[in-house]
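**Q** Pasting a structure below so you can have a look.
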Amino acid sequence: MATVVIVGSQWGDEGKGKMTDYLSQEANVVVRSQGGDNAGHTIEFDRQKFALRLIPSGIFGENTTAVIGNGVVINPQALLEEIKYLTDRGVDISGLKISSRAQVIMPYHLLLDECQEKAKGAAKIGTTKKGIGPTYVDKVSRIGIRVADLLEKDTFAAKLKQNLEIKNQLFTKIYGVDPVDFDEIFNQYYEYGQQIKQYVTDTSLLVNDAIDRGDKVLFEGAQGTMLDIDEGTYPYVTSSNPTAGGAPTGAGVGPNKIETVVGIAKAYTTRVGEGPFPTELNDEIGDYIRETGHEYGTVTGRPRRVGWFDAVAMRHARRVNGMTYLSLNLLDVLTGLKTIKIARAYELDGQEINYYPASLAELDRCTPLYEEVPGWEEDITQVTDYEDLPANAKHFLDRIVELSETPLATISVGPSREQTIILRDPWRG
């Protein structure tokens, strides 16, 4: 068997789509295992750029099966819009498969997300208001509606009625907004179910059979380690597990089926929304990196917060993911900087620490301890061999490897598939 999990090792937006695009050239199956349409990824294919939110990047591979697994929460309206977006641009989506066990984002989840965020005021966490959190809450509360339920008219009606009895009480008595209408939701979402029915199957069976046959299976992550509900900067996190452990549970396979974990990172750090960010840059250098790296959200368009590479957070990601390799993106963005900094440790209350604190209060008191390395002026966007990189760029990469305690698999020097330096092939170890 050959299985590779791709995880974001920072706060998301690390460029996982490019690595997925590269590895999916050989993959037989590409699986999305968690999250929803709150996370966007951009893929270059056939000289076109595609911004996807739900459908796995493997949809562009010839004879590749693209799976939306049971751990994903699906907004069927967003999914159908994405299907149309792809088919209108000539993409064959016959390889798309959707888990019958995946949870469905309903209109009341979207409204509840908005009401809850507004009620928090200054304590808001910066949700994308896509209904992700409320959908996962219903899943854990065992009242969620799954894709399989959409296809059974009586089951869907009963579950929807039960949910609206609870949700409309919240809307009218707690949040002071109008209730949502049963008939409108039922008719619309039952029709959505009929439209996606042709793609729905037992994806756990499909993926396990593929692995047992010796097919190459790629697990495509969304968000990033530092947004993980357990291992991230809680409560400023997503509602699922973007770490490597979330891949087998969200795809319906055993953990012993996972062979290789590739962590994706930028040569610097970004995050969107609220929450701690020890290496954040609020100066001209931060502005330079943001503009040069086009650091604006794929889904929201929001400017991303920018900071130096954080080796403390990276070691945390290496440990909790069991990372085999690190894939470093956007090295070219740092070109032109005279000096580049890497956070090698933190100082907390006068003591040097090498771990990432769970306490937000402690994180607020942490000061990064930086190692400075010289930058480079040479254009590296056409470099395809590691040895052809400038000496200072290679020194920077050496320090990233040493401080992150993880070997490099690839280095990205531009957005296209060709602008990738391959050091190790994750499929072959």
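Start at 1 and count along the chain as shown; that gives each residue its number.
Note: Cβ is positioned from N, Cα and C throughout, glycine not excepted.
Note that the coordinates shown come from a computational prediction; the quantities given were computed from them, not determined experimentally.
According to Swiss-Prot:
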type: ACT_SITE; residues: Asp13; note: active site, proton acceptor
type: ACT_SITE; residues: His41; note: active site, proton donor
type: BINDING; residues: 12-18, 40-42, Arg304, 330-332, 412-414; note: GTP binding site
type: BINDING; residues: Asp13, Gly40; note: Mg(2+) binding site
type: BINDING; residues: Asp13, Glu14, Gly15, Lys16, Asn38, Ala39, Gly40, His41, Thr128, Arg142, Gln223, Thr238, Arg302; note: IMP binding site
type: BINDING; residues: Thr298, Val299, Thr300, Gly301, Arg302, Pro303, Arg304; note: substrate binding site
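Please situate the listed features within the shown structure.
**A** Note on Asp13 (active site, proton acceptor): other Cβ atoms within 10 Å of its Cβ, all shown chains, come to 26.
Just so you know, the Cβ of His41 (active site, proton donor) picks up 26 other Cβ atoms within 10 Å once every protein chain is counted.
In this structure, Val413 (GTP binding site) belongs to neither helix nor strand by DSSP; it is coil. Neighbour density for Val413 (GTP binding site): within 10 A of its CB lie 25 other CB atoms from the protein chains shown.
Just so you know, the Cβ of Arg302 (IMP binding site) picks up 13 other Cβ atoms within 10 Å once every protein chain is counted.
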**Q** How big is the gap, in Å, between the Cα of Thr42 (GTP binding site) and that of Gly301 (substrate binding site), rounded to a whole number?
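**A** About 13 Å separates the two Cα atoms.
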**Q** Under DSSP, is Pro303 (substrate binding site) part of a helix or a strand, or is it coil?
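**A** The three-state answer is strand.
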**Q** When neighbour density is defined as the number of other C-beta atoms within 10 angstroms of a residue's C-beta, which of the binding-site residues Lys18, Arg304 has the lowest density?
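**A** Candidates: the binding-site residues Lys18, Arg304. Fewest Cβ atoms within 10 Å: Arg304.
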**Q** Restricting the comparison to the binding-site residues Asn38, Gly40, Gly301, which residue's C-alpha is spatially nearest the C-alpha of Asp13 (active site, proton acceptor)?
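**A** Result for Asp13 (active site, proton acceptor): the nearest of the binding-site residues is Gly40.
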**Q** According to DSSP, which kind of secondary structure is His41 (active site, proton donor) found in, if we only use helix, strand and coil?
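**A** Going by the DSSP assignment, His41 (active site, proton donor) falls within a strand, counted as strand.
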**Q** Taking 10 A as the limit, how many CB atoms besides its own sit near the CB of Leu331 (GTP binding site)?
**A** 25
**Q** Relative to the Cα of Gly12 (GTP binding site), which of the binding-site residues Gln223, Gly301, Arg302 have a Cα no more than 10 Å away?
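**A** Those near Gly12 (GTP binding site) - Cα within 10 Å - are Gln223, in sequence order.
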